[in-house]
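*Asks:* Below you'll find the structure I mean.
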Amino acid sequence: MEWSGNQTLITHFVLLGLFTQTPLHFFLFFLIMTMFLVALTGNGLMILLINIDSRLHSPMYFFLSWLSLMDLMLISTIVPRMAVDFLSGKGYITFAGCGLQILFFLTLLGDECFLLAFMAYDRYVAISNPLRYSLVMNKRVCWLMVAFSWLFGLLDGLIQAVFTLHFPYCRSNKIDHFFCEVPAILKLACADTSLYESMIYVCCVLMLLLPFSVISASYLQILVAVLRMHSAEGRQKAFATCSSHMTVVTLFYGAAMVTYIRPQAYHSSKQDKVVSAFYTMLTPMLNPIIYSLRNKEVTGALKKLLGRCSCGQREDSLQ
């Protein structure tokens with residue numbers, strides 16, 4: 001603690017966590033750790049398959065590999081720290097540690113917003129203009145889209161991390177959350193944060209609604225193109241190609257909009273923690289499952305990899 005006039009300024013925070021030390025909460029903790037391991041395995045395997053199988057070397061899977069990497073980093077930013085806090089019974093985190101968590105979390109959140117929009121545009125070009133697909137979605141364009149996603153995500157995360165920790169904090173050092181999320185931290189500020197909260201609200205609306213508008217426009221054009229198709233098989237293939245991405249978009253944007261577009265007056269600590277757990281843990285776990293179960297090329301690549309592993313084990317046993 002530091003003293004400033006008659007106020008005690010906080011130099012560190014204490015995260016209260018997602019749950020307390022009870023038998024039920026120990027069960028929930030192990031459930032979350034299982035989700036974490038499934039997310040690490042699923043996303044890691046997705047990245048591996050896309051990189052080693054030549055059939056998956058296309059723009060769609062290129063973006064998917066980056067989505068898996070972002071999901072892997074997002075859940076790793078939150079869960080390990082939460083697990084250590086729960087097992088130790090302490091949630092101590094320094095100002096610098098809190099700032100880094102805000103930076104990484106919001107950067108990855110912004111990255112996914114824009115990457116999902118570019119993935120929708122990729123599907124639009126593939127279905128509406130297949131003859132020019134390889135020309136429009138060339139390697140350079142794909143890399144620029146990924147770089148653009150990281151740049152805007154990093155810019156958003158950096159601005160919010162710096163400005164959030166710029167305020168003096170003197171009310172309490174206890175954050176009623178399981179990680180350093182900006183709305184939960186601002187409640188502890190002993191300065192007027194209304195202007196900054198309004199700025200964050202506008203920024204989050206733009207960060208969510210601009211990519212979502214691109215997604216909506218892309219899928220509207222896809223729907224028009226599919227309805228013009230005379231082949232039932234072609235329609236089915238087009239819908240199958242987009243269904244996984246639409247499911248992921250619904251899960252991610254639904255939870256993110258509830259948290260960041262809803263006015264601060266309608267927030268409660270319990271609701272915020274549940275919604276945050278949804279898009280920081282559940283969504284990263286479900287994304288690789290959704291894409292692998294609904295995609296014959298991914299399941300084919302997985303069978304091929306397992307076949308290689310079994311053949312290698314047989315050769316070792318014969319030697």
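Using N, Cα and C of the backbone, Cβ positions are placed for all residues, glycine too.
Quick paste from TrEMBL:
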TRANSMEM  26-49  transmembrane segment
DOMAIN    42-291  domain 'G-protein coupled receptors family 1 profile'
TRANSMEM  61-80  transmembrane segment
TRANSMEM  92-121  transmembrane segment
TRANSMEM  141-163  transmembrane segment
TRANSMEM  199-226  transmembrane segment
TRANSMEM  238-262  transmembrane segment
TRANSMEM  274-293  transmembrane segment
*Asks:* For the domain 'G-protein coupled receptors family 1 profile' (42-291), what's the model's average pLDDT?
*Replies:* 86
*Asks:* Going along the chain, which residues at least six beyond the ends of the transmembrane segment (274-293) come within the CB cut-off of under 8 Å?
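*Replies:* Here the qualifying positions are 18, 32, 35-36, 38-39, 42-43, 45-46, 64, 67-68, 71-72, 74-75, 78-79, 105, 177-179, 181, 244, 247-248, 251-252, 255-256, 258-259, 299, 302.
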*Asks:* Under 8 Å, at least 3 Cβ pairs, sequence separation 6 or more: does that hold for the transmembrane segment (61-80) versus the transmembrane segment (141-163)?
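*Replies:* By the criterion, they touch.
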*Asks:* Are there residues at least six beyond either end of the transmembrane segment (199-226) with Cβ under 8 Å to its Cβ atoms? List them, or say none.
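*Replies:* 110, 113-114, 116-118, 120-121, 123-124, 127-128, 152, 156, 159-160, 182, 234-235, 238-239, 242, 246, 249, 253, 256-257, 260-261, 263-264.
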*Asks:* Which bits of the chain, at least 6 residues beyond where the transmembrane segment (92-121) starts or stops, bring a Cβ under 8 A of a Cβ in it?
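*Replies:* Non-local partners: 11-15, 60, 63-64, 66-67, 70-71, 73-74, 77-78, 81, 145-146, 148-150, 152-158, 160-162, 164-165, 179-182, 185, 207-208, 210-212, 214-215, 218-219, 245, 248-249, 252-253, 256, 280.
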*Asks:* Give the nonlocal contacts of the transmembrane segment (141-163) in its own chain as ranges (CB under 8 Å, at least six residues past its ends).
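*Replies:* Non-local partners: 59, 62-63, 66, 99-100, 102-115, 118, 182, 196, 200, 203, 207.
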